[in-house]
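Per TrEMBL, these features apply:
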type     : residues : note
TRANSMEM : 28-54    : transmembrane segment
DOMAIN   : 29-453   : domain 'Ammonium transporter AmtB-like'
TRANSMEM : 66-85    : transmembrane segment
TRANSMEM : 125-147  : transmembrane segment
TRANSMEM : 154-171  : transmembrane segment
TRANSMEM : 191-220  : transmembrane segment
TRANSMEM : 241-266  : transmembrane segment
TRANSMEM : 272-299  : transmembrane segment
TRANSMEM : 311-342  : transmembrane segment
TRANSMEM : 407-430  : transmembrane segment
REGION   : 480-503  : region 'Disordered'
COMPBIAS : 494-503  : compositional bias 'Basic residues'
Amino acid sequence: MEANVTELWRIVESLQAEFDSMETDMNVMWLMVGSILVVLMQAGFAMLEAGSVCETHVKSVLVKNLLDLAVAAVMWWSIGWGIAFGEETEHGEFNQFAGPVSFFLRGGGFIDESGNYGTTEGYTWALWLFQWSFSGAAVTIVSGAVGLRITMPAYIMTAQAIVGLIYPVVVRWGWNSHGWASAWSSTRDDLLFGCGVIDFAGSGVVHTTGGVASLVMMILIGPRLGRFSGGMSIQTTEESVIIQTLGAFLLWVGWYGFNGCSALYITGSSHVAAKAMVCTTICATSAGLGVTSASLVLFQHVEPQDVVNGILSGLVAISASCAVVEVEGAFFIGLVSAVIYLGCSRFMDIVRIDDMVDAAPVHLANGVWGVIAAGLFASQEGYSASYYADRSEQCCGWLYGCGTAQILANLSFVLSILCWVGLMTFMAGFSLKYVGLLRISEESERFGADAQHGYRRVELPDIVRKVLSQVEGLVAKAADERDPPSFVSSNSGRKSKRKRPET
């Protein structure tokens, strides 16, 4: 009898070990799929930027987007991960500002007891991959903002500074369980305002960081040639609405990995991931509809580029709170993000800051709004499921009756990002400007950065050019024969003073 019980217990333990291994494998696969989706967003960013420039700059734009991931991988491997998620020092101390160890992946989870790279901690490897994809998303925001003006060396060095130092520090603050602003701890008694920041998928960590860096670099580098003339905002480059829209679709698909897979575990947290994806959908659609409605009321027409950026604004705004808000909250957050985008986009023209892809209105303004919204709309049920149940009555959103602790924590985090990223980016950008490396030559800007790098122009086959010419002629003829429609091409512009210069 005793032998049978022992054998039965051995079988139970074996099954439990297999179950645990299967659970780990599922979670590892979950992060790997999320990483692939977030990397797919790079294709979306590339299409969005390529569709915003003339063909003489397209190759340079695409090369910069390819370099984003390459630079991000090297810097995240060598320095970034260690700063963001480095473990305790030899004395068992943790740094709440920046990690002191784990550079070049020489830390726990990667190295076995013999000092060699191990394979037993598959989840840590998958987490590195997932976080690397996020770092690439943060730095590529800058690429579009300063398009057509920044030199290749300056962009590479800026990307190195962001991924190697600026961004990892923010990650440690908000997402490392030992970060001073982090809510990801069930044992600490020194959480910021007793709660820590709610930034589930990075409205603050990723998008506000990228948005602040973009704004600083835009101010330092100045506007494109002819962008502002005679008090008017002039559209100086050709645009392809088709390519921009393709980029928006790719970004939208990738965002489900960005937000949903930020649950980090699929076993036991599938409901959190599913809700995050649903709220992401609702917020994006309400933002797109909000921009459409506001444009029709205010300008009597709708710019396709505005609809694209409106949807992206909603995706940015919901990232912080996608797992903790209810659906109606996500809908309202999207509507507000649409208004913020339209207002900030127009303000950028008023103050003559040249933002080629509206990176600051989309990522900075709505990144800040997203973090603030999380402190307002987080429900007790959402917080309990996504963070910790014992803090849900204290740390849910202000609109749900939980006081001001959460909103104060979120505001403090946002202000810290603005100060840290703004200062460090200014130092990096000003140094490049001081030594004359920041901006391309006037000749290259006028005739295309592709020529500067020796890229040959790709000629379309004659039959393709002929077909395109005939289509353009038919479209132009049809437009002349009827009144202007509600939806117009991006060349006519939402802003009444935006026009294309004569050639």
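Placement of Cβ uses the backbone N, Cα and C atoms for every residue, glycine included.
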Problem set entry | Tertiary contacts of the transmembrane segment (272-299), as residues 6+ beyond its ends and Cβ separation under 8 Å | 200-201, 252, 255-256, 259-263, 266, 306-307, 309-311, 313-315, 317-319, 321-323, 325-327, 329-335, 337-339, 341-342, 382, 385-386, 486, 494, 496
Exercise. Out of 28-54, 154-171, 191-220, 241-266, which stretch touches the transmembrane segment (311-342) the most, going by CB pairs under 8 Å?
Worked result: 191-220
Seminar exercise, completed: Sequence-distant contacts of the transmembrane segment (28-54), meaning Cβ under 8 Å and at least 6 residues beyond its ends, amount to 61-62, 65-66, 68-69, 122-123, 125-127, 129-130, 132-134, 136-137, 140-141, 143-144, 147-148, 237-258, 260-262, 264-266, 308, 356-357, 448
For this session: Report, as numbers and ranges, which residues of the same chain sit near the transmembrane segment (191-220): CB under 8 Å and 6 or more residues beyond its ends.
Result: 134, 137-142, 144-146, 150, 158, 162, 166-167, 170-171, 174-175, 180-185, 258-259, 262, 276, 316-324, 353-355, 359-360, 362-371, 374-375, 378, 383, 386-387, 391, 394-395, 405-406, 408-410, 412-414, 417-418, 421-422, 425-426, 429-430, 433, 438
Problem set entry | Winner by Cβ pairs under 8 Å against the transmembrane segment (407-430), considering only 66-85, 154-171, 241-266 | 154-171
Exercise. Counting only residues 6+ away from its ends, which parts of the chain sit with a Cβ under 8 Å from the transmembrane segment (241-266)?
Worked result: 26-27, 29-31, 33-41, 43-52, 127, 130, 134, 137, 200-202, 272-274, 276-277, 280, 284, 304-305, 308, 311-312, 315, 318-319, 322-323, 386, 489-490
Problem set entry | Average pLDDT across the domain 'Ammonium transporter AmtB-like' (29-453), rounded to a whole number | 90
